[in-house]
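Asker: TrEMBL feature annotations, pasted as is:
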ACT_SITE  K8  active site
ACT_SITE  D144  active site
BINDING   P98, V99, A100, G101, G102, M103, A104, G105, G106, S107, A108  ATP binding site
DOMAIN    70-152  domain 'GHMP kinase N-terminal'
DOMAIN    213-285  domain 'GHMP kinase C-terminal'
Amino acid sequence: MSVRVPAKVNLQLGVGPIRDDGYHDLVNVFHAVSLFDEVTVERAPGLEVRVQASPYSRVRVDGVPVDEDNLAVRAALLVAARLGVEPDVAIRIRKAIPVAGGMAGGSADAAAALVACARLWDDREQPVLTRDDLMDLGAELGSDVPFAVLGGTAVGLGRGERLTPALTRGTFHWVFATADGGLSTPAVYAECDRIRAERGEAAAPPRVSEELMTALATGDAKALGAALTNDLQPAALALRPSLRRVLDAGLEFGAAGALVSGSGPTCAFLAETGEDAADLAEALDGTGFAEQVLRADGPVPGAATR
Ligand code: ATP
């Protein structure tokens, strides 16, 4: 059973004040792009996991855990517990999504493992677990997991896990510049809180951007580019100042919009056409600022069997 699952970029990441439970209230506009990990599951004598780079990518997989810290393993355990079966499964992950890059690769693998294991163990005729159930299970693993099951473009509220699909038109063309070494998501949130405290800024509760939703609904890449926002970007730039020149280079080369993806350090650039994206990718590659320059389109569907 093989499931392909997309990376995400946050078109808007609004970070509200820190809550009593330590989380932030978020407004998250998730957008799934055509950069895919593949998760294959097979019945086996016990639970095992293998992680490798996809043959089409140069992703470094050395930081990815191969024990119960791997989100795909935790997903398999959850599905097994829910269906009352032994978690005897060999999981193979082929990664093309940058690791710790702010594109939710780990969450994507968890989503793929949920879908794959449900297919493997659930009743084919009358499945116990619906897609909504899998999204609920995903929310137990992390706030980005339900979106990787759903795909497309969606607005996430709360910690990001309450999702509403967004209306979009056409295809948007993206270029991603990856960076050497990841950024830890908790460290970026902590830096965001630190910067706000230092500036004496009280974060307002975030609201969904109307400009952004209109640009999506009308398929207007130029307007979408202008409406991209990420409240974590100042923190990511403070922790990794070299990202500034990557963003500036992309804008100089004519990107309709540029922002740090999620908690970074991957930078995302929106182009107006597929041809512009190809030109932009080539120009960015030429600067040598990025570890890797990748092209992808969005929106694409969530975790799905091949
Ligand atoms: P996000 O955008 O959701 O903040 P990210 O893209 O920055 O996430 P991930 O690639 O999801 O980061 O990885 C973050 C950490 O999660 C890794 O450093 C790794 O230790 C851990 N991890 C657990 N399972 C996986 C997995 N299947 N693939 C990648 N990382 C995983």
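Glycine is no exception: its Cβ is also placed from the backbone N, Cα and C atoms.
These numbers come from a predicted model, not from an experiment.
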Asker: Please name which of the binding-site residues listed here, P98, A100, G102, A108, is nearest in space to D144 (active site), Cα against Cα.
Answerer: A108
Asker: What is the number of other Cβ atoms found within 10 Å of the Cβ of P98 (ATP binding site)?
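Answerer: Looking across every protein chain shown, the total is 25.
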Asker: Considering only the binding-site residues P98, A100, G102, A104, G106, A108, which fall within 10 Å of K8 (active site) when distances are taken between Cα atoms?
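Answerer: Checking each Cα against K8 (active site), the hits are G102, A104, A108.
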Asker: List the other residues in this chain whose Cβ sits within 8 Å of the Cβ centroid of the ATP site residues P98, V99, A100, G101, G102, M103, A104, G105, G106, S107, A108, in sequence order.
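Answerer: Close Cβ neighbours, site residues excluded: A7, I97, G262.
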Asker: Report the member of A100, A104, A108 (the binding-site residues) whose C-beta atom has the most other C-beta atoms within 10 angstroms.
Answerer: A108
Asker: Are there residues of the same chain, six or more positions away from G102 (ATP binding site), whose CB falls under 8 angstroms from its CB, and which are they?
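Answerer: Set apart from G102 (ATP binding site) by at least 6 residues yet with Cβ under 8 Å, we have L183, T185, A236, V260, S261, G262, S263, G264, P265, T266.
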Asker: Long-range neighbours only, meaning 6 or more apart in sequence with Cβ under 8 Å: which ones does G106 (ATP binding site) have?
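Answerer: G106 (ATP binding site) has long-range Cβ partners V64, N70, L71, V99, G142.
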